[in-house]
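Colleague: Under the heading compositional bias 'Polar residues', TrEMBL lists 181-191. What TrEMBL lists as domain 'Ig-like' is 2-126. Look at TrEMBL and you will find 181-206 tagged as region 'Disordered'. Marked as transmembrane segment by TrEMBL: 140-161.
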Amino acid sequence: LPGLHIFAITLALEVSVGKTNTVMALNNSNVLLPCVFFTCMGFQDLVFSWYFNTTELIYQGKIKNKATEPTLIWHNPRVEFVGSTTKKDNNISIVLNGVEFSDAGKYTCHVKNPKERNAQHSATIILTVVHKMVETDNTVTIIILSVVGGLIGLLILFMLIKRVVLFIIKKVQDGKKECLVSSSGNDNTENGLAGSKAEQKAPPKA
């Protein structure tokens, strides 16, 4: 059906900002805002844009085809394109230079592909600006992991000791059984019972 065909084509274009959609940057530093796009249909005259807080355009470029790098349409002077579209990944990442506290917010990477009947897709990354980076205290986590590891080690040691003890007990029991059988055989021989040496003597001659 025509409707389903258009829906399938629209889904062919995807935009991603990576596994996590949050970035933290120091005040007065430069920060990378990653973005890549994927398309099964190929692209031609594709237009990509970066927006700050949904409405403020900070970068826009155009890619003629897979064999060419993007050409600049417009950009904020503090924004620099650092991606590449002639390599394996269609990378349209940018760098925001001289980050300020006012730059904190949502950054949306938007792509429009005329070859897919002007299919459009976007992804958003959230930027947090801090005065200084705070190291995460992992002491509690390390202690918990150490305790758990120690308990597992003790359990394994206990199981090994148990196996050794059971093995020794079995050997001792087997030794006692052999001793009892041997002792029983000796008693029969001394008493002249069936199967003893006394029974094997030849009768005296008349």
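Every residue gets a Cβ built from N, Cα and C, even glycine.
Show me how these features fit into the shown structure, please.
Modeller: Within the domain 'Ig-like' (2-126), the DSSP-based counts of helix, strand and coil residues read 16 helix, 62 strand, 47 coil.
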Colleague: Calculate the per-residue pLDDT averaged over the domain 'Ig-like' (2-126) and state the result as an integer.
Modeller: 91
